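Undergrad: One structure follows; several queries about it will come next.
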Amino acid sequence: MVDLTKGQKEIIQAGGHQLVTGGPGSGKTTVSILKSAKIAREGLGLGQRILFLSFARATVSRVLEAIDEENAITREEKQRIEVDTYHSFFWRILKTHGYLVGFPRRLAILTPPNEVIALSAVRSGYKPASKLTDKEKVEKRAREGVERTRLAIEEGKVCFDLFADRVAILLHGSNRVRSLISTTYPYIILDEFQDTTADQWRVVQALGGSSTLIALADPEQRIFDFIGADPERLNQFQAAFAPSVHDLADDNHRSTGTDIALFGNDILRGKFRQNEYRGIGVEVFESNPNQAYASLVGLVLQARRRLIEGGRRDWSLAILVPTKRMTRLVSDVLREPFGSVPPISHTAAVDMEGPILAAEIVAFLLQQGTHSGCFDELIELLCSYFHGRGGASPTKGDISEASRYRAALAKWNECVAAVRPTPGNSVLKNTFAVHQASAALVMTGDPDVDWVALRAILDTGVCSRLNDVAREVRNLRLLERGTQLRQGLAQDWRDTGGYRNALTITRESFVQEHFAMARKPESGVIVMNMHKAKGKQFDEVIIFEGWPKRVRREIVANPDRIVTGNVKDGPMAQARQNFRVSITRAKLRTTILTPRDDICVLLKSELR
Ligand SMILES: Nc1ncnc2c1ncn2[C@@H]1O[C@H](COP(=O)(O)OP(=O)(O)OP(=O)(O)O)[C@@H](O)[C@H]1O
């Protein structure tokens, strides 16, 4: 067991609502776990549990692991601590009590990929978000809201966006449900409280009526302003619940023996107190793709060697980049051999819409259906993929691609019905050829082998859209040992002698996956957007940003930078907070890679 600091001990002793603040790695999570164990020992009645609410599944895994490793907590105590995401907790409430807010009795989750498909008709009527006026933005949001509500109330399909709002309405309106929850969970711990949205805050207000709340927060790690976090939240919590306030301040247990936390604070304040910081490296690269990626790959290999040689079990190395686009670019680079370097095995935290919809296509083809209308179904899935893969902002190109495919299918079917040859110049010609090839594949009954074989047909086939699908689907780690999908497909083979229900099984397994808790925290090399790193910790972190494009020495574009356009603009508080969160995820070392000819403005020595 760790030796708790004086501040941590006080938190364990205090009663009533609490607000625990402190910088990255100051031990907020740890102390809340130990406090939970104490409550489990002393303060709970029969059947009661402590609820620990977090934003992301990855944080949940980290907390579960921390609980698991805590020798000072007995097994019975551990069982009394329930760690969950806001999403999954809200869903449990809606499933049981959703009828109180007008939902039908049978509810299903509208997963993000299907939500974007459902909303694409509304969204396609608008220009890209950056070109909308404020009035248009409000109108678009309102129309999306109406459609979401309609889907929930009429079809029982509830998307995540509605969860918090409806649970808030439900809890404020029903004494009975509120007291049911508080009886089960007399203590609720709210992780990363600084990022609570307005709707989540309304839920918390209702729960705090009879449950004791312990909010953990670092106001300077607030990075979700763009989706509704509010700098006032901590004050609102104090005003509403008069909690005892405990500040663990700048204690740093994550990266002890380094200056990583200190450097993070200096980035925040814009003043460097030292010339060198232990555990921090700043490296520069030349502004062209070849040399930039060569520098990155070189650093990744060095870090990986350090970690392996350090003998760490389950070591982790995160490559954090400023944008989603760059997550993909870096992942593509690592996946291909780079010069004499073999591919670097890694996971990439890319947005899941595209890969999931791509997986649906692979699953559908695994079914090897031969019924009439089978090709139509494939094209419909492909159109869904076009509509959905761009997430909340489908591109015009993708939407018109879908219309083109649908129009081509109508022509195609006319010919088939009239027993005429199908048009030789149809966009569907190549898709049809690959469909035929996939139907001819001889399956083995081993889901891994068959999935990979089918993906290879798409990958090497003549249809460029299906080549794309094959590439996307690689971003999923679906068929790992013991996953629900793998088991489901194996069972299907046993039951039907084929994969007759592969599409349904795949869809269901995504919903399950979304709520699965038993996942290990990430290990190995992980590529992710800086925003996604919140609440996580890794052995080493490499932060890699984009570089300027120049024409005759003048910068004409400057994408994927830590600070947008790498332009100094006022105090840049949000950019500093984001950067600090990424820097302080490392236990041992953080290396920042920035272009030589346009160093990140937050690193400029003129700030000193
Ligand atoms: N008193 C302590 N002594 C030694 N190690 C500690 C102590 N408290 C926490 N730790 C360790 O320090 C690391 C960071 O702690 P923890 O995750 O609780 O910090 P946190 O404040 O929740 O961080 P963040 O806000 O960045 O997520 C963990 O590995 C934890 O085991």
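Glycine is no exception: its Cβ is also placed from the backbone N, Cα and C atoms.
Annotations in TrEMBL come from automatic prediction, not curation.
Found this in TrEMBL, in case it helps:
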| type | residues | note |
| --- | --- | --- |
| DOMAIN | 1-256 | domain 'UvrD-like helicase ATP-binding' |
| BINDING | GLY22, GLY23, PRO24, GLY25, SER26, GLY27, LYS28, THR29 | ATP binding site |
Undergrad: Do any of the binding-site residues GLY22, GLY23, GLY27 touch ligand 1, in the sense that the CB is under 6 Å from one of its atoms?
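TA: GLY22, GLY27, by Cβ distance under 6 Å.
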Undergrad: Let's check the environment of PRO24 (ATP binding site): how many other CB atoms sit within 10 Å of its CB?
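TA: For PRO24 (ATP binding site), the 10 Å Cβ neighbour count is 25.
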Undergrad: Centre the Cβ atoms of GLY22, GLY23, PRO24, GLY25, SER26, GLY27, LYS28, THR29, go out 8 Å, and tell me which other residues of that chain have a Cβ in range of the ATP site.
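TA: Sorted by sequence, the hits are ASP218, LEU248, ASP251, ASN252, HIS253, ARG254.
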Undergrad: In the predicted model, what is the mean pLDDT computed over the domain 'UvrD-like helicase ATP-binding' (1-256)?
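TA: On average, pLDDT over the domain 'UvrD-like helicase ATP-binding' (1-256) sits at 89.
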Undergrad: Any same-chain residues 6+ apart from GLY27 (ATP binding site) with CB under 8 Å of its CB? Would you list them in sequence order, or say none?
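TA: In sequence order, VAL2, LEU4, THR5, GLN8, LEU248, ASP251, HIS253 meet the Cβ cut-off.
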Undergrad: Are there any residues in the same chain, six or more apart in sequence, whose C-beta is under 8 angstroms from the C-beta of SER26 (ATP binding site), and if so which?
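TA: For SER26 (ATP binding site), the qualifying residues are ASP218, LEU248, ALA249, ASP250, ASP251, ASN252, HIS253.
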